[in-house]
Amino acid sequence: MIRGDGQLSHTLDLNDDPAPQDQCGVFGVWAPDEDVSRLTYFGIYALQHRGQQSAGIATSNGEKILVYKDLGLVSQVFNDQALEGLKGHAAIGHARYATTGADVWENAQPTLGPSGTGTLALAHNGNLTNTKQLRQVVTQKLGSRGEVARGASTDTALINALLGSGEKLAEIGWDLPEGGIEAARNKGPADALDNEPPAPLIEASLRVLPHLKGAFSLVYMDEQHLYAARDPHGVRPFVLGRLPQGWALASETAALDIVGATVVREIEPGELLSIDHSGIRSYRFAPATPNVCAFEYVYLARPDTRIGGRSIIQSRREMGAALAREHPVEADLVMATPDSGTPAAIGYAEESGIPFQQGLVKNAYVGRTFIQPTQIMRQRGIRLKLNPIREIIQGKRLIVVDDSIVRGNTQRQVVAMLREAGAAEVHVRISSPPVLWPCFFGIDFATRAELIAASMDTDEICQSIHADSLGYLSIDGMVAASGQNPSTLCMACFNGDYPISIPAGTPVPGGKGAVTSQTVSAD
Ligand SMILES: O=P(O)(O)OC[C@H]1O[C@H](OP(=O)(O)OP(=O)(O)O)[C@H](O)[C@@H]1O
Ligand SMILES: NC(=O)CC[C@H](N)C(=O)O
Ligand code: SF4
Ligand SMILES: [Mg+2]
């Protein structure tokens, strides 16, 4: 059936061999005079590239919290009727790509559970590395509650259960930081909130958050308050925005732009925020030790987002320019592998002086999730998504730029398509270093065995994808283009140096295999 919004009416069932999958998008809004569910709908729509398996929105009207969620794209899950039923002064939303727990309805977010004083709805971008231990704490010491009790298997449902455990947290020795809530508070100048008691979930948050290991950008709420927390490494992006009469929280600045919010600042690594009728309060639950995901700059984030004060599109263009300096080659034109390879291809063309042309057309209605191929179906999927323009390609020496190679499927297909379309030479240039290690922090990368660069050197990969030459950007080139201090980045999938220790035996996200103690460096 053709949908009115132009989206495919179903996900192409192309199976178990995906390109790097995205992670989740989170959004939150506190705006008593606004249509919060519609703002949240726009917010998660803007973050659809981060997660395309399920979508959900929870709203609070001050007395009760409602959640509406289902499997599918934001546009498939919500219609006017669903949004009309979600009224209130605050809302949170989520677009999911599963990393812990299967892609089933029970694991869709926001998760819902008892908060101790009412209800707690929570949404999460990231992935915890101590899920197994936390599950034991919940099931053996605190008693399963909320969606954990109803069969949810995500790390997110565990966070919800932990935050909702109230005074039991003290009983199991999960203490408040020294000095208690008051000492954790970051006081602003002329802070008008001094006389207000802390929001109800602040105490539980200060007890629980230091025990969560791994990556988390969290939005959550009870009936009266909205909260946000970011892990001490700040692996995933997370920003605070100002609405004319309220506040917004989002994974990426682009989502704030789209709802008309101005960017106030990033939520700091190790920071906890509460927002209510009296304003916004900030707490510190752990010192900041930033390791922001370098792959956000390469591929994950939208090009119109800013992370760490740096424009993503500018970073990608500079990655392309650095790639041109590191791996020059004589050619007639530079072209991109759309979508994510486009800014780097433009940067390569600008730096090399070789003209840029659009040699591949991307079907605008095929997103990242729609290509989840087996080897056979991957070919069909890529053909559905990308089609070469023979008139531009024929007889030309091409430089084809993409942002990354994971298994090599995309470039193998692209090179074959371009040769079929009459290219004289195909030189592949990749605007990131070889991906050698799995990610445990919110991206469903393949196991090492599936990562092409883990078992082949650059020449072998070049032969495997049938390119005339292949060049990868260096780690230094990528870091310089990101504009960040290398000590504040995670680059583990490129260099194996995990900033957060991965316990031996931890399954690779997506349920594929397990790491051994040899494959990871402990901190
Ligand atoms: O080597 P592979 O295993 O094929 O994975 C790498 C490819 O996957 C991503 O594209 P994707 O199709 O996910 O999304 P995009 O349209 O944003 O580029 C990435 O941009 C590469 O093109
Ligand atoms: N990719 C993500 O950020 C996923 C969040 C969470 N770990 C889940 O699997 O639902
Ligand atoms: S391992 Fe790679 S993808 Fe994962 S957080 Fe680190 S840089 Fe990002
Ligand atoms: Mg791509």
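Going from the start of the chain as shown, residues are counted 1 onward.
Note: Cβ is positioned from N, Cα and C throughout, glycine not excepted.
Going through S340, S469, S474, S482 against TrEMBL, the one listed in the Mg(2+) site together with D402, D403 turns out to be S340.
Binding of [4Fe-4S] cluster is annotated in TrEMBL for C439, C490, C493; the matching candidate from C293, C462 at the same site is C293.
Within the model, the domain 'Glutamine amidotransferase type-2' (24-278) carries an average pLDDT of 94.
Put simply, C24 (active site, nucleophile) is 14 Å from C293 ([4Fe-4S] cluster binding site) when counted between their Cα atoms. For the binding-site residues listed here (D402, D403), the lowest count of other CB atoms within 10 A around the CB belongs to D402. Across the structure, C490 ([4Fe-4S] cluster binding site) and D402 (Mg(2+) binding site) place their CA atoms 21 angstrom apart. The shortest Cα-Cα distance from C493 ([4Fe-4S] cluster binding site) to any of the binding-site residues (S340, D402, D403) is found for D403. DSSP assigns D402 (Mg(2+) binding site) to a strand in the three-state reduction. Only C439, C490, C493, of the recorded positions C24, S340, D403, C439, C490, C493, place a Cβ under 6 Å from an atom of ligand 3.
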